[in-house]
Every structure is written in C-alpha cells, then in structure tokens.
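Novice: First the structure, which I've put down as structure tokens, then a few questions once you've had a look.
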Amino acid sequence: MRCSIFRPVTCSIATWLLVATVAGAGVVRAAAAEVVDAGLLDAIRAVDAGGVRAALDRGADATAAEPDGTTPLHWAVHADDAGIVELLLAAGADAASTNRYGVAPIALACVNGNAAVVRLLLDAGVDPNTTLAEGETALMTAARTGAQDVVELLLDYGADVNAAEAWRGQTALMWAAAEGHAHLVPTMLSHGADVSARSAQGWTPLLFAVREGEIGVVQTLLEAGVGAGESLPVAQGRRRGGTSAEREATGLDAFLLAAANAHYELGALLVDRGADVNVASRGWTALHQVSWVRKAGIAGSNNPSPKGSGAMTSLEFVKKIAAAGADLNARVTIRPPAGITRLNFIGGTPFLLAARTGDAPLMRLLAELGADPLLPNEDGTTPIMVAAGVGTSSPGEDPGTPPEVLEAVQVALELGGDLNEVDAKGETVMHGAAYKHVPAVVAFLAEAGVDPAVWNQPNSREWTPLDIVENVPLGRGIQDNPATAAAIRAVMERAGVAPAASAP
C-alpha cells in the first residue's frame, strides 16, 4: 500500500482491515474457522475484554492468523484497547507478526497514536524501526498522526529519526511538517532529525510546511536555524546548459512557494526573516504570481485558485513586499504555469499580467505603488491591449468576466493607455475585444476614440476583429460570436467604414 503526504493525506494503514472485513469475512468464517476462533475475533471487534479472556480460557489460539495473515492482535490494536492487547500478548500472540500487506500491529498503533499500546508492543520485542512494505517506519506514521508521546517513545527505544521511506524518500520530520505538527519538531530535532534532508524530488521539511501553509512549523524551523531562502532543485532535464550549481539555483524557493499557494501571511513571515522579495529563479516574481493566484480562470489546464491560509489578503501581501523592495516593473523571462493562453508572457510586468486577468483592483494598487502601467511585453503588446483581450485562449473561461474586463480596460485607459497602438503581431485593442467576446468593451473603445483606420486591419494572421468573431473558429476556444460581431459592425457603420480585406 502506498501512502503519501502529497495533498491530501487520506490513505490509512488500516485500509486492509476494511478489505478483510467486507471482502473476506466469508473466508474467515467458513474456510478458516478451524484456524481463527470466531468467538475471539467477535469479542475483540466488540472491544469486550471479558469475552476475549473467556475465549482464551477455552483454548482459542492467540497466534492464529486469517488467510491474509491478519491476527487477533492486529484487530485488538486496531480496536485501540491496551487491555485486550495485553491479554493477547500474555497468551503468546506474536507482537511482530505481519499480514500479507506487510502491516505489523505497531503500525496500526501509531495510526491510532496510542502510546500505551505502542509501549506494550515495544516491550514485547518489536523493532522500533519496523516498516511497511515501502519503508514507512512506525515513527513516520506517528509523526503523520501527530502523537507526541508515541514519537517520544519510539525515539527513546531507538527509532531512526532520519530514516526515509522508499517511494518518495521522505522522512518523519517531513511528514510532521506537512501535517502541521509543530509540537513534534523540537522533539525530533533534539533526537538529531536532519532539517536539511531532501526527498527524492528535493523537498525539505521547511518546503513541505510552506506548501501546506503550516506557519507554526515554519516558525519553529526558522527558529532552529533553517534559512528562509530554501529552494527546490530544478527537475532533471527541465532546463538546458549551465553548471549543476546554476541549475540548483533555479528551483522554486520557499517564498515563491508560499505565494503560489496563497499563504500570504506565511510569505510575509519569510520576508521578515530575510527572504528575497525579488527572487525570480523560475522566470517570474511573486508580484507576477499574485495575478494568476488571485484569478486562475477555468480554461484548459488552469487550476482553481488555492485555498490559502492566514489573515493577510493578497493585496496586503502586495503592499508588504512592495514596501520590502519588490521590483514593481520586473519582467517575466520564462513562460509561467498560468494556464492555457495565447499571450506572450515574456517581458510582461506584474501590471500587464493583472490586466490579463481583468483584475482592476490589483492594477490600481500596483499603479499607486509606482508600477509603470504602460510597459508592454516583448511583442509590444501593451497592458490596455491585454486588458481588452489580446492573448485570450478561451473566452468565457479565461480569467475576467465581461464587467471585470471592461473595468480593467477603463483603468488602463485612465492610466494613460494608448488605444491606437499596434503590436508586433498586428493586434490592437479591438482585436482583443473580439478575442474576448465582450461587446461592452467594443462599444466603450469606440466611445473612447479608438481609430477604425488602425484597428480595422488584418493582423499577422490576416484576421481583422470582425473576422475573429465571424469567420475564424480558432481551435477549441475562439468561435463565432454574433453579439460581438454585431457590436463591431455597429461601430463600423457609425464610423462609415467597410470591413477591411482579409484572408479568404
């Protein structure tokens, strides 16, 4: 059985018990009745110590096993009754027995977090470093459960605090960190837990805690001397060239990880402890990242926005890191994982990316803090073009509702955006409104003075704005949109212009 601390942690060592109960009950009762005493099992499952004692007195075998290797002791430990466990051990039950899945009673005791049962098993000779089939130790299980007394007991009996399971190379401290068990961290550190240990994918205890938003664990680890700038190594083969040290330096760091998961209060803590607010090891900064964390959209690979943690809002976080020296005009250098889009992110600023998601509040805040609202990307696509919809992949699914898009365009215009610029691909604000399918933006742009002589022209793909909404089904996203087409035609009619020649 494979158990993982990768979100969410839902697997249970006791799953096999459910399988045995539901799928194999008939086998136990019929084919194996002479092997396992049914009355003994019934008494254990009912947590009836008197019934267990009576069954043992009449000769029930405490060492018997079901066809899958499950023993009465497994069931007693699962039932979480130290008295019954003690009775079975006194009757000769094998404390170290494992079933066909490699599960020993001590693993179940650690799931329950019952120190009394764990002590009975250890005193009966069970190895404190007992593992499941893929190397999950009893200590890891107890660390995930959060049982302080069990963790202390196992360590006192010699459990290896730095043992790593075989599937993902994770340690007990990593599991405790990911589950938010800050109370376990000092105990494990005092027994030599390695705070710098990395899993097979390069995760440290701090990084696990940051990803999950476990600020208490993060504080404890920072106080223990862990650096706020810890980062993941780049996945092998992810990038070409450079020395191994250079590749190591390009991994996602704790601060960006906190921002990516909307753990803004935790991110602020890292800043206070020395994290670099301008770290851009993956090609973008936290200020860029806030835009797609706030408004992810629902197109294609766009994930829902993370739940986040803490009392600090995203806009408060922006103010915090701006005050700490964040570059408000930082440029994207590598395409970020912000969902399916046709926008070229390279050269994009935080303001431009806020315009992409129709996020007027973020745009206003960035401008108030000193961001340049006019800087384009490397294609010359300006924030007002992006706000109108240039780069849209899936209208109605990409971030930004029609009212939000209209407000973003209005904000970009108020801040000096030029309605009549053309980017390197021949796109204009009206092309953007056509891609986005927002008739209200078409009408607003016309009233604001956009020049038909500029926008009523084919782009590099030979599409005019009217073509985009009438004649160009583009992949799965852009389809004919009669309402936007009617709005564009109405603007053209009022201006006395005819559709420009375009591709057949």
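Any Cβ shown, glycine's included, is placed from N, Cα and C.
Pulled these from TrEMBL:
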type	residues	note
SIGNAL	1-32	signal peptide
REPEAT	68-100	repeat 'ANK'
REPEAT	101-133	repeat 'ANK'
REPEAT	134-166	repeat 'ANK'
REPEAT	168-200	repeat 'ANK'
REPEAT	201-226	repeat 'ANK'
REPEAT	250-282	repeat 'ANK'
REPEAT	346-378	repeat 'ANK'
Novice: Report, as numbers and ranges, every residue of the chain located at least six residues beyond the repeat 'ANK' (346-378) whose Cβ falls under 8 Å of a Cβ in that stretch; write 'none' if there are none.
Specialist: 285, 287-288, 290-292, 294-295, 297, 314-315, 318-319, 322, 328-335, 338, 384, 386-387, 391, 399-401, 404-405, 407-408, 410-412, 415-418, 423
Novice: Averaging the per-residue pLDDT over the repeat 'ANK' (101-133), what integer do you get?
Specialist: 98
Novice: For the repeat 'ANK' (134-166), find every same-chain residue at least 6 residues outside the stretch whose CB is under 8 Å from a CB in it, and list them.
Specialist: 1-3, 5, 9, 13, 106-107, 109-115, 118-119, 122, 128, 172-173, 175-176, 179, 181, 183-184, 187-188, 191-194, 197, 199
Novice: So, by DSSP, how many helix, strand and coil residues make up the repeat 'ANK' (101-133)?
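Specialist: Secondary-structure breakdown of the repeat 'ANK' (101-133): 17 helix, 1 strand, 15 coil.
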Novice: Quick one: DSSP breakdown of the repeat 'ANK' (168-200) into helix, strand and coil?
Specialist: 17 helix, 1 strand, 15 coil
